[in-house]
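Enquirer: Right, I'll just put the structure down here and ask away after.
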Amino acid sequence: MDYTLAKALHIVGFISWFAGLFYIVRLFVYHAEAGERPEPERAILQPQLELMARRLWQIITVPAMILTLVAGLAMVAQLDPIPPWLHIKFGLLAGLVAYTVWCGAIRRRQAAASSTVTGAKLRLFNELGTMFMVAIVFLAVFRSALSIAWGVGGLLALGVALMLGVRVYRKIRERGANSQ
């Protein structure tokens, strides 16, 4: 496969994969929160959210992951030698694939009504995907050890900022719920 074509397919796959991951975790949050609703709302919302999650998973997320990995391997096959930064990217990709598998497990547990994960924990889980995206993009763009060191520090700072943001959001939601 032509390197430029593989690169274009890799980028399209990467964007679609992350779109699927970000959206499916939002669906997980909505599903968990729907479980706290009274009947008949719960009985209407949860099956619809499960259907949406299954379609998203099967039609977008998993095929996009496969496209990303296949196109990426097609590019790597044309490199000699493999640059050092790419070894770090492989490690991040292994983590991202594990995150994706974890999302699949959550989807199956929610569909089987055996998930006990709260909406708040799922919101935090969603930020893990954001951290993978930022780390992979910065590594692919900058490609140097110094940038990697700055990237790790930046990633930690981003993680702290995201955690604080989630806590602030939760407090705002709780205040809004208490004032009703």
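Note: Cβ is positioned from N, Cα and C throughout, glycine not excepted.
Straight out of TrEMBL:
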TRANSMEM  6-29  transmembrane segment
BINDING   His10, Lys89  heme binding site
TRANSMEM  56-79  transmembrane segment
TRANSMEM  85-103  transmembrane segment
TRANSMEM  124-142  transmembrane segment
TRANSMEM  148-169  transmembrane segment
Enquirer: Mind checking which residues reach the transmembrane segment (6-29)? Cβ under 8 Å, same chain, six or more beyond either end.
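Expert: Cβ under 8 Å, 6 or more out: 49, 52-53, 56-57, 60-61, 63-72, 74-75, 78, 99-100, 103, 106-107, 110, 117, 119, 122-123, 125-126, 129-130, 133, 136.
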Enquirer: Once the chains shown are all counted, how many other Cβ atoms turn up within 10 Å of the Cβ of Lys89 (heme binding site)?
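Expert: Neighbour count, Cβ to Cβ under the 10 Å cut-off: 18.
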Enquirer: Where does Lys89 (heme binding site) sit by DSSP, helix, strand or coil?
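Expert: DSSP call for Lys89 (heme binding site): helix.
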